[in-house]
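Novice: The Mg(2+) 1 binding site annotation in Swiss-Prot covers Asp10, Glu48, Asp70. The annotation Mg(2+) 2 binding site is assigned in Swiss-Prot to Asp10, Asp134. The domain 'RNase H type-1' feature in Swiss-Prot is assigned to 1-142.
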Amino acid sequence: MTKHVEIFTDGSCLGNPGPGGYGIVLRYKDVEKTLSKGYTLTTNNRMEMLAAVVALQTLKEPCRVTLTTDSQYVRQGITQWIHNWKKRGWKTADKKPVKNADLWQALDKETARHQVDWHWVKGHAGHRENEICDELARTAAENPTEEDTGYQPS
């Protein structure tokens, strides 16, 4: 039987672009694990995406996943927009390169390993796990240790 894992993610950026971070809560049965990391220069969308990528990469085997994010960009991108981007060779409808294609491709690869049910919650609305992720992401952004090598200034 496939394990069911709950994942909650959030990204934060102090300035956009600026220092950023992600926060993750993973829950399997009654066990919770938190992850976070800060980056010196990035964007809020990249941190939202990276949170989902890292969370899914953390799972050692294919799982049934309920992934909750407060990012419509991530949820809509992976459930709706990505299909046409792939058909067009990672180009938008107006033939421009898809922003954050490196992370979209990583997220696409990870979602193929798992059975993911995407959920959206309003940020800063008292959702327990989202508030934990937000705090983890903000704290990580305030203490960045990594470089976001995929970040490309527009």
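Indices start at 1 and increase along the chain as displayed.
Glycine residues also receive a Cβ, built from the backbone N, Cα and C atoms like all the rest.
So that I understand the layout, could you describe where these features sit and how close they are to other parts?
Specialist: Long-range C-beta contacts of Asp10 (Mg(2+) 1 binding site), restricted to its own chain and to partners at least six residues apart, with a cutoff below 8 Å, comprise Tyr22, Gly23, Glu48, Ala51, Thr69, Asp70, Ser71, Gly123, Asn130, Cys133, Asp134, Leu136, Ala137.
Note on the domain 'RNase H type-1' (1-142): its mean pLDDT in the predicted model is 97.
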Novice: Could you work out which of the binding-site residues (Glu48, Asp134) has its C-beta surrounded by the smallest number of other C-beta atoms within 10 A?
Specialist: Asp134
Novice: An 8 Å radius from the center of the Asp10, Glu48, Asp70 Cβ atoms defines the neighbourhood of the Mg(2+) 1 site; name the other residues of that chain inside it, in order.
Specialist: Thr9, Gly11, Ser12, Met47, Ala51, Thr69, Ser71, Val74, Gly123, Asn130, Cys133, Asp134, Ala137
